[in-house]
Amino acid sequence: METLWTLLYLLEPAPATLIVTAVTVTFASAFRALNYGKEMERNRDFSEASITLDSSQALMIPVMSSCSLLLMFYLFSSVSQLLTAFTAIASVSSLFYWLSPYAVYMKTQLGLSDPFLSRCCSKSFTRIQGLLLVACAMTVVAWLISGHWVLNNLLGISICIAFVSHVRLPNIKICAMLLVCLFVYDIFWVFFSERFFGANVMVAVATQQASNPVHTVANSLNLPGLQLITKKLELPVKIVFPRNLLGGVVPGVSASDFMMLGLGDMAIPAMLLALVLCFDHRKTRDVVNIFDLKSSKGHKYIWYALPGYAIGLVAALAAGVLTHSPQPALLYLVPSTLGPVIFMSWRRKDLAELWEGPALSNPIEKSHEIEI
């Protein structure tokens, strides 16, 4: 009975909001990836084509991630300002990518004229795109000044969506290879890294705050309003919510005051969801409309992967609440997402096609290896 009462904490605003946000972002990332791939295919524009991982690249991701973890564990204070600057640039680009379709939709709905403004880096920019780019840059500047958790989450979500659109999995075989390797990676760095490095490397890196280069520059130039600029920043590599979401918790006081979920725990499952969403669309050839996904949902693998993600996420949070210790989310998310997809595709005799991926008959597509 005591355990049940403990688990009721998951119904509190912070964990409930985290769960809803993560599930929504994961699905939105997969759906955006599908539309992006179709847009590139329709326009025959492969200059911004996504990267399709092969087996060697999939195996290298956990290795490179481990090296990055150790680098940030030992040298974070030395490279934090550089990381912040790089993250700020990536955030502007990701935010622009995420919001561009909405800007186009609003322009169409309002019947606005949108003349070309200029050309930059072989790309034509319209007036609305220019305004959107300025708005994205101002959002990142606001984050650099305030460090507010809402802006941190906004930038993190945009990075997740952009990553899933531009880094693709060609088939379930490569997907399973990647997920299993990251499954082991997550378990090792959360549960066993303390035995080798004297501290929980994953937790230490996840809770570190970066030095703010804007504060450093303002301080060196003795600019007015220095007290308004936050000295430390949470990098948008995770989404965070105050544990007392409705209680007026001051952002950035302590990492322990926040619930957090790494972007990888959304982006990696979203890559699987993007793969099965593309497979569903290829099999049914439905119109790419988010509301049309409800039709014939019993024939779509996305409706096994997405609930599986939600169940795995709830299980991870429940384990954390019961054990009062950090949990490797992929320990729960990998079986709960990959398992149902493989089992149902085996039952429906689609596993062979999913396992190897679609045959590319178009030579242009083959040369560019465009997969959604």
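A Cβ is built for glycine as well, from the same backbone N, Cα and C atoms used for every other residue.
It should be emphasised that the depicted structure is a prediction, and the values quoted were computed from it without experimental measurement.
For the topological domain 'Lumenal' (1-6), the residues of the chain that approach it from at least six positions outside its boundaries are 321-322, judged by C-beta separation under 8 angstroms. As annotated by Swiss-Prot, topological domain 'Lumenal' applies to 1-6 (among others).
The transmembrane segment feature in Swiss-Prot is assigned to 7-27 (among others).
Per Swiss-Prot, topological domain 'Cytoplasmic' is recorded for 28-54 (among others).
Listed as Cβ neighbours of the transmembrane segment (55-77) (distance under 8 Å, sequence separation of 6 or more from its ends, same chain) are residues 83, 169, 173-174, 177-178, 181-182, 184-185, 189, 197, 199, 201-202, 204-205, 208, 210-211, 264. Annotated transmembrane segment per Swiss-Prot: 55-77 (among others), in sequence order, evidence recorded as sequence analysis.
In the topological domain 'Lumenal' (78-81), the DSSP tally of helix, strand and coil residues is 4 helix, 0 strand, 0 coil. Residues annotated as topological domain 'Lumenal' in Swiss-Prot: 78-81 (among others).
Taken from Swiss-Prot, the feature transmembrane segment applies to 82-104 (among others).
The topological domain 'Cytoplasmic' feature in Swiss-Prot is assigned to 105-123 (among others).
According to Swiss-Prot, the feature transmembrane segment maps to 124-146 (among others), an assignment based on sequence analysis.
According to Swiss-Prot, the feature transmembrane segment maps to 150-167 (among others).
For the topological domain 'Cytoplasmic' (168-171), the model's average pLDDT works out to 93. As annotated by Swiss-Prot, topological domain 'Cytoplasmic' applies to 168-171 (among others).
Outside the transmembrane segment (172-192) by six or more residues, the chain places 53-55, 58-59, 61-62, 65-66, 69, 200-203, 264, 268, 271-272, 275, 326-331, 334, 337-338, 341-342, 345, 351, 354-357 with a CB less than 8 A from a CB of the stretch. What Swiss-Prot lists as transmembrane segment is 172-192 (among others), and the listing cites sequence analysis.
On its own chain, Asp186 (active site) has Met202, Pro328, Ala329, Leu330, Leu331 as residues at least 6 apart in sequence with a Cβ closer than 8 Å to its own Cβ. Under the three-state DSSP scheme, Asp186 (active site) falls in the helix class. Taken from Swiss-Prot, the feature active site applies to Asp186 (among others), supported by similarity to another entry.
Summarising the annotation, Swiss-Prot assigns topological domain 'Lumenal' to 193-257 (among others) and lists sequence analysis as the type of evidence.
The transmembrane segment feature in Swiss-Prot is assigned to 258-278 (among others); the stated evidence is sequence analysis.
Look at Asp265 (active site): DSSP puts it in a helix. The active site feature in Swiss-Prot is assigned to Asp265 (among others).
The topological domain 'Cytoplasmic' annotation in Swiss-Prot covers 279-301 (among others).
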Feature contact check the transmembrane segment (124-146) with the transmembrane segment (258-278), CB under 8 Å, 3 or more pairs: no
Contact between the transmembrane segment (302-322) and the transmembrane segment (7-27) (3 or more Cβ pairs under 8 Å, separation 6+): yes
Outside the topological domain 'Cytoplasmic' (168-171), six or more residues from its ends: residues with CB under 8 Å to it: 33, 37, 50-54, 58, 178, 271-272, 274-275, 354-357, 369, 371-372
Long-range Cβ neighbours of the transmembrane segment (7-27) (under 8 Å; 6 or more residues past either end): 153, 157, 160-161, 239, 241-246, 259, 261, 265-266, 269-270, 273, 302, 306, 309-310, 313-314, 317-318, 321-322
Folded-back contacts onto the transmembrane segment (150-167), same chain, C-beta under 8 angstroms, at least six residues removed: 21, 25, 28-30, 32-33, 36-37, 50-51, 53, 87, 90-91, 93-95, 97-99, 139-140, 142-143, 233-241, 263, 266-267, 270-271, 274
Long-range Cβ neighbours of the transmembrane segment (124-146) (under 8 Å; 6 or more residues past either end): 84, 88, 91-92, 95-96, 99-100, 103-104, 107, 112, 114-118, 152, 154-155, 212-214, 228-230, 233, 236
Neighbourhood of Asp265 (active site), C-beta criterion under 8 angstroms, separation at least six: Ala22, Leu313, Ala316, Ala329, Leu330, Leu333
